[in-house]
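What TrEMBL records for this protein:
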{"type": "ACT_SITE", "residues": "CYS76", "note": "active site, proton donor"}
{"type": "ACT_SITE", "residues": "CYS223", "note": "active site, proton acceptor"}
{"type": "BINDING", "residues": "ASN13, ASN67, ASN163, ASN197, GLU214, ARG215, GLY224, SER225", "note": "substrate binding site"}
Amino acid sequence: MRLSFTKCHGSGNDFPMVDARGLDLSDADWSAVARALADRAGPVGGDGLLLMLDGRDGDAIGYRMFNPDGSEAETCLNGLRCVARAGFAALGVEAAGVRLIGSRADVAHAPPLAPGVFTVRERAGPASLDIAAWPLRIGAERLVDDALPPLGGLRFTAIAIPNPHLIAFVESIDETELVRIGRLCEAAPDWLPRRANVSFAVMEAEGLFVRTFERGVGLTDSCGSAMAASTYAACLTGRWAYDRSAILRNRGGLVRAVADADAMVTIEGNATFEWEGEVTVDLATATATDLTVTKRYPEEVAAWEAVRAA
Ligand SMILES: N[C@@H](CCC[C@H](N)C(=O)O)C(=O)O
């Protein structure tokens with residue numbers, strides 16, 4: 001099949017995004033499309049596949065996200081901003097509700113974070129501490145800044161928003177250790193059968209620096225739901241204050257985030273379109289070929305590069 005898509009990113013977390021309204025593919029087919037398009041060794045590559053869908057249940061926009069390994073995630077907040085932008089253009093609106101699997105979010109076009117940067121405000125949550133729902137089986141009801149012995153000596157906070165995150169506050173990022181722990185979780189041990197996104201967060205004067213090993217992906221330049229979960233975890237553990245805006249820095253740039261005591265998190269960040277293209281996808285082999293780039297957005301790419309480099 002031939003598919004059109006937009007290559008986009010939120011804070012360096014990059015995705016092919018398909019306007020899937022009117023496309024009738026099974027879950028298994030979308031999983032194959034994700035493996036084909038997000039494959040870094042293929043012609044497109046990305047940290048996952050974003051689908052913009054028709055809205056439902058009172059929300060104007062629908063949204064699904066698949067990881068590069070073909071698994072479907074409950075959400076992706078960097079991707080949500082890109083889908084929101086596409087939805088605003090498709091529907092001629094500047095704000096909307098977005099329906100995901102098992103949750104919803106509110107999105108609005110926001111003042112630019114920097115000149116030339118399309119910016120979206122997203123409000124997601126409530127973040128949940130109910131680890132039985134993941135499930136994370138450690139013989140406790142919640143894990144807040146506490147030891148998680150199978151992963152070593154670090155103290156973790158477990159938060160679902162609604163995708164599952166394990167966050168450790170550290171003095172500095174040991175990437176080798178992050179990868180080791182991320183891979184342990186990717187193995188889906190009995191106590192963590194649906195895996196987890198793992199982040200190391202460093203407190204800074206203006207907020208936090210977060211590095212994430214994503215479920216179904218590996219190390220990424222940023223993870224929006226990890227930044228949201230880390231902001232909430234920082235407030236929950238007294239490292240940051242509720243209702244206080246934080247700058248969340250990551251390898252791909254930054255977002256602004258604020259968590260409230262009701263466990264809702266608001267993020268303002270970029271939704272950058274890089275290029276548009278068409279590609280042939282073989283669903284049987286989950287491979288992509290014959291890429292044609294139909295449009296490029298060089299000014300937007302440069303505008304974000306200036307933010308990232310600052
Ligand atoms: N990068 C994302 C999260 C994508 C899904 C994640 N890998 C999972 O499986 O939960 C974000 O920006 O939130």
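Cβ atoms here come from the backbone N, Cα and C positions, even for glycine.
Contacts of GLU214 (substrate binding site) defined by a Cβ separation under 8 A and a same-chain sequence distance of 6+ are given as ASP47, ASN67, GLY182, ASN197, THR220, CYS223, ALA226, in order along the sequence.
Cβ neighbour density within 10 Å is lowest for ASN67 among the binding-site residues ASN67, ASN163, ASN197, SER225. DSSP classifies GLU214 (substrate binding site) as strand under the three-state reduction. Proximity to the residue listed as 'active site, proton donor', defined by a C-alpha to C-alpha distance within 10 angstroms, is shown by the following binding-site residues from ARG215, GLY224, SER225: GLY224, SER225. All chains included, 32 other C-beta atoms sit within 10 angstroms of the C-beta of CYS223 (active site, proton acceptor). A Cβ within 8 Å of the Cβ centre of ASN13, ASN67, ASN163, ASN197, GLU214, ARG215, GLY224, SER225, the residues given for substrate, is found for these other residues of the same chain: GLY48, ALA73, THR75, CYS76, HIS165, THR212, GLY216, VAL217, THR220, CYS223, ALA226. According to DSSP, the residue listed as 'active site, proton acceptor' is assigned to coil rather than to any helix or strand. With a cut-off of 8 Å between CB atoms and residues at least 6 apart in sequence, the same chain places GLY10, SER11, ASN13, CYS76, LEU77, ASN78, GLY79, LEU80, ARG81, GLU122, VAL255, ILE267, GLY269 near GLY224 (substrate binding site), listed in sequence order. Less than 8 angstroms from the CB of ARG215 (substrate binding site) sit ASN67, SER71, ALA73, ASN163, PRO164, CYS185, GLU186, ARG195, ALA196, ASN197, each of them six or more residues away in the same chain. Most Cβ neighbours within 10 Å among the recorded positions ASN13, CYS76: this distinction goes to ASN13. The secondary structure of ASN197 (substrate binding site), as reduced to three states from DSSP, is extended strand.
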